Structures are given as structure tokens and as C-alpha cells.
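Visitor: This is the feature table in Swiss-Prot:
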| type | residues | note |
| --- | --- | --- |
| ACT_SITE | 164 | active site, proton acceptor |
| BINDING | 63, 65, 83, 99, 124 | S-adenosyl-L-methionine binding site |
């Protein structure tokens, strides 16, 4: 019975996925994922990216966000990206494959950033979802806390942070923590984010001293 339910659920997901207008547009444009549109909407409202910036992309694969940011920061900009999964190369993106939760991977990522600070840290990280919020939300919150730690280490004063967060236990505390570190904080739900998803994007600008 469980197998039948899972099969029906998977079929619904596939049907929804392929009928999604953003998935269709991504395929037509040759984009790596529909996530490209989410970041485009955020950029239109918040103007995070400018030519020549250095950006850290966490949870980068398959590369939708990096693919978008390259068009905004130009040839003199730089992206340092990391994901547990492999990612096909993108010109202008320095990709590190590894588990961001691993201290050695974090160290390697910091070495790639080097001594100079970055202007934007962005995280689209999410754990493998079990479908049980009591399990999934704490896992997701752990990842976004790590992303915020990365901000503390590498983000320049006045820099920006954009992070995918799933609403649930710990969300309000996390939002308060970000507000203590940045001068302006917005919670965005892009049109290209599925309505039934718990995901929202926190956009924080103006890192405080």
C-alpha cells in the first residue's frame, strides 16, 4: 500500500514539475534549473549583484543560481560555488564538490575565498526531504545556520546574504539573528517558488560592523 501511495505521489510531482511554466521556460532558454527565475525575481527587487563582485554560492548544483549571477557580475566577477552533488563547469565559477557540513570541505572553501572578503553569500541548500516536518525542518535549519556562519567569516561590511529557509520551528529565531547582523532584511516568496512549498527566501543587505 505504501508503495502505491509513493508511486501516486511521485506521479503527481512529475506531472506538476513538467507542467510548471518555469520548468518549461527553463528548458526553452537552456537554463540549468527553474531556480534561475527565483534569483532573477530577487535581483529585480533587491539589486544584490553588480559587475566585478565576488559571490559564494552554497548548494549550487545543478548551477541555476551561478548561471544567473555570471550574467550580472561579468568577466571581472568571481563565483566560488560548493555542493555535495557534481556540477557541470560554468565559465567564471570555481566549483568545489563536497559536503558543506564537513570541516575539511569548509576549510577548502575558505581557502578558495582567500583573504579578501566577498560581496554576496547565497545559499539554496536543502536536505534530502523525508516528508516529515519534525525531521526535515531541523535538518534544514542546521544548513542555514552554517550558511550564516560562512557570512560571519567571509562577507564584507555592507555585503548581502540571500538564503532559502523553510518556514517552521526555528524560523523566527533565525530571522531575528539575521536582523541583528544586517541593516535591511526582507522575506521574499518569488512567484516562481511553488505556492504549496514552505520555502521562502530571506534577503539581507548591509552587513553591520
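Each residue, glycine too, has its Cβ placed from N, Cα and C.
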Visitor: Cα-Cα separation of residue 99 (S-adenosyl-L-methionine binding site) and the residue listed as 'active site, proton acceptor', in Å?
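Guide: Given the Cα positions, residue 99 (S-adenosyl-L-methionine binding site) is 18 Å from the residue listed as 'active site, proton acceptor'.
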Visitor: Can you tell me the three-state DSSP label for residue 63 (S-adenosyl-L-methionine binding site)?
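Guide: Note: residue 63 (S-adenosyl-L-methionine binding site) is coil by DSSP, not helix or strand.
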Visitor: Of all the recorded positions given, 65, 164, which has the fewest Cβ neighbours within 10 Å once its own Cβ is left out?
Guide: 164
Visitor: For a quick check of packing: other C-beta atoms within 10 Å of the C-beta of residue 124 (S-adenosyl-L-methionine binding site), how many?
Guide: 23
Visitor: Out of 83, 99, give me whichever of these binding-site residues has the highest number of other Cβ atoms within 10 Å.
Guide: 83
Visitor: Cα distance, residue 164 (active site, proton acceptor) to residue 83 (S-adenosyl-L-methionine binding site), nearest Å?
Guide: 15
Visitor: Reported as an integer number of Å, what is the Cα distance between residue 65 (S-adenosyl-L-methionine binding site) and residue 164 (active site, proton acceptor)?
Guide: 12
Visitor: Residue 63 (S-adenosyl-L-methionine binding site) has how many other Cβ neighbours within 10 Å of its own Cβ?
Guide: 24
